[in-house]
Amino acid sequence: MISTTSLFAPVDQDLRLLTDNLKRLVGARHPILGAAAEHLFEAGGKRVRPAIVLLVSRATLLDQELTARHRRLAEITEMIHTASLVHDDVVDEADLRRNVPTVNSLFDNRVAVLAGDFLFAQSSWYLANLDNLEVVKLLSEVIRDFAEGEILQSINRFDTDTDLETYLEKSYFKTASLIANSAKAAGVLSDAPRDVCDHLYEYGKHLGLAFQIVDDILDFTSPTEVLGKPAGSDLISGNITAPALFAMEKYPLLGKLIEREFAQAGDLEQALELVEQGDGIRRSRELAANQAQLARQHLSVLEMSAPRESLLELVDYVLGRLH
């Protein structure tokens, strides 16, 4: 499987600069929040989201050099993403992310919530200073979508009436919205034609949905040391994802186990078995592959270039995480 190092080669130097700048942008006026943010930016993330912004920027600028605003947009994107992870971990009461202790487990929930708020506030400040109203609207929508996604997930816990449409809507809010809107924003900053910007949005949306579906499959199939959290943790917390939704169609018993919140001994083990036996994993793979194919199609509007090639290969990378 291709590594992110070779995948992001066209923006390698840009990403190095971004990592250095992120720590500086967060600032040290609040030592505890600064320490929390420092911990986050050192937590081994692959910087996929800012890399997409940088690749789209270079693919739409072609021979022109990246502007300071394109670089700042990539930094804002990573700040927003990181803030959402911090709040996610508080809501999910998670102790590990990428096999690294979460901010809430390292400090406490109060500091974690404030650290997330701080990053959202910082990103909003830098966003406003881009002086581009359309980009401000696109990224502000992402912050709203994060909250809406968390609310949707919370109110639908252990709800077996959840359908595929609701699942995809929640996945868009929590994952795809940031990738879609930031990709479009990069096109806007490059003064790309309107239809190109719209295709960039669609690329990001379908790539983001594929990414989330793959994540949800891995939650069932990957051991803790690979995933950085216990296998089946989504199901345990009542978050019903694509593999469980598909398996419930074949095995209604799975729905009953979920509704009683795995209260009896052996319930969870049986539920995980039913997901595997009920074609939940196979059908979810097909769903992810379909979203990936849609993402590929929307890149045809870009001229051939190394950054465009990386954006195409990124689609294969997302699906390749399953192997």
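Every residue, even glycine, has its Cβ placed from backbone N, Cα and C.
In this structure, LYS46 (isopentenyl diphosphate binding site) belongs to neither helix nor strand by DSSP; it is coil. As annotated by Swiss-Prot, isopentenyl diphosphate binding site applies to LYS46, ARG49, HIS81, ARG98.
Here Swiss-Prot flags ASP88, ASP92 as Mg(2+) 2 binding site, drawing on similarity to another entry. According to DSSP, ASP88 (Mg(2+) 2 binding site) is assigned to a helical segment. Here the Cβ of ASP88 (Mg(2+) 2 binding site) has 18 other Cβ atoms within 10 Å, regardless of which shown protein chain they belong to.
Taken from Swiss-Prot, the feature Mg(2+) 1 binding site covers ASP88, ASP92, and the record attributes it to similarity to another entry.
Residues or ranges marked as all-trans-polyprenyl diphosphate binding site by Swiss-Prot on the basis of similarity to another entry: ARG97, LYS174, THR175, GLN212. The number of other Cβ atoms within 10 Å of the Cβ belonging to LYS174 (all-trans-polyprenyl diphosphate binding site), over all protein chains shown, comes to 20.
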From LYS46, ARG49, HIS81, ASP88, ASP92, the binding-site residues whose CA lies within 10 Å of that of GLN212 (all-trans-polyprenyl diphosphate binding site):
none
Just the number: how many Å between the Cα atoms of HIS81 (isopentenyl diphosphate binding site) and ASP92 (Mg(2+) 2 binding site)?
16
Going by Cα-Cα distance, which of the binding-site residues (LYS46, ARG49, LYS174, THR175) sits nearest to ASP92 (Mg(2+) 2 binding site)?
LYS174
Residues satisfying Cβ distance under 8 Å from LYS46 (isopentenyl diphosphate binding site), sequence separation of at least 6:
THR4
Taking just the CA atoms, what is the gap between ASP88 (Mg(2+) 2 binding site) and LYS174 (all-trans-polyprenyl diphosphate binding site) in Å?
10
How many Å lie between the Cα of THR175 (all-trans-polyprenyl diphosphate binding site) and the Cα of ARG49 (isopentenyl diphosphate binding site)?
10
Would you count the other CB atoms within 10 A of the CB of HIS81 (isopentenyl diphosphate binding site), including those on all shown protein chains?
22
